[in-house]
Amino acid sequence: MNDQYVQKTSKDGYRSRSAYKLVEMDNKFKLFQEGQKIIDLGASPGGWSQVASQKGANVVALDIKPMNAINGVEFIQCDIINEFEILREKFKDQKFDVILSDMAPESCGLKSLDHIRIMLLCEAALNFAKHFLSHGGTFVVKIFQGESDKDFCNELKKMFKTVKYFKPKSSRSESTEMYLVSLGFIGSKPSI
């Protein structure tokens, strides 16, 4: 494949090209500081967890799919929707400085349906953040542009001081993929 980011992944030691998306977001928004506690939702194969841990963060990676170990990263294979109560018990009253979500559904090829499916994952990630994100924390979530992303963005604006759309250069130009970077968590009532 003639993709500069795919070629760079092996040279730079990243597990996926998506690592460069997070590097770009960190360069622009200064997401990470050493010693932060971070949750990486939809972590497998681990590119985002690698980036966050290299910045000196304490990372807990969650994914329904398996993931090979990364030094300094705790991995929990789980379904954040169907196993939420187990996770709530595990993390109890813990709070995290940053919650990242690069979750995406398996594409069916129908953009409108893929959009609906990713927005359901976005809502699940946001519910997770409502429970576990610390006051002033950061939430980054992948979306596909479509009918309801603006409503979701407006929902975030009620809970965060700053919310920005971001399309990384390392994202494929033909993709409807974007990220919402939400800074300064003010708080909200969890839905569960």
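Glycine residues also receive a Cβ, built from the backbone N, Cα and C atoms like all the rest.
Just so it is clear, the model here is predicted, and its values are computed rather than measured.
Swiss-Prot lists G46, W48, D63, D102 as S-adenosyl-L-methionine-binding residues, and of the candidates D12, D79, D114 the one it assigns to that same site is D79. When the recorded positions G46, D63, D79, D102, K142 are compared by the number of other C-beta atoms lying within 10 angstroms of their own C-beta, D79 comes out lowest. Packing around W48 (S-adenosyl-L-methionine binding site) is summarised by its Cβ count: 29 other Cβ atoms lie within 10 angstroms of its Cβ, all protein chains included. A gap of 15 Å separates the Cα atoms of D63 (S-adenosyl-L-methionine binding site) and K142 (active site, proton acceptor). Within 10 Å of K142 (active site, proton acceptor), as judged by C-alpha distances, the binding-site residues found are D102; the full candidate list was G46, W48, D79, D102.
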